[in-house]
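Notes follow once the structure below has been shown.
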Amino acid sequence: MNKYEKIRDIGKGNYGNTILVRDKKNDHYVMKIINISQMSQKEKRQCLKEVEV
């Protein structure tokens, strides 16, 4: 996370938050932070599939 500068919050959901961040090259990205500690194995697999997209 130290590589990125937080620009603003975008949204919040049941499992996490999305924020707009900027890297050192001034490119913009959206970062989704997900708390997987309370998720089932199926939900964790779905999260990993989402990351691949």
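Heads up, the Cβ atoms here are built off N, Cα and C, so glycines get one too.
Just so you know, TrEMBL annotations are computer predictions that nobody has curated.
Confidence across the domain 'Protein kinase' (4-53), taken as the mean pLDDT and rounded to a whole number, stands at 83. The annotation domain 'Protein kinase' is assigned in TrEMBL to 4-53.
Here TrEMBL flags LYS32 as ATP binding site. Taking a C-beta cut-off of under 8 angstroms and a sequence separation of 6 or more, LYS32 (ATP binding site) has the following same-chain neighbours: GLY16, ASN17, THR18. For the recorded site, LYS32 (ATP binding site), the DSSP three-state label reads strand.
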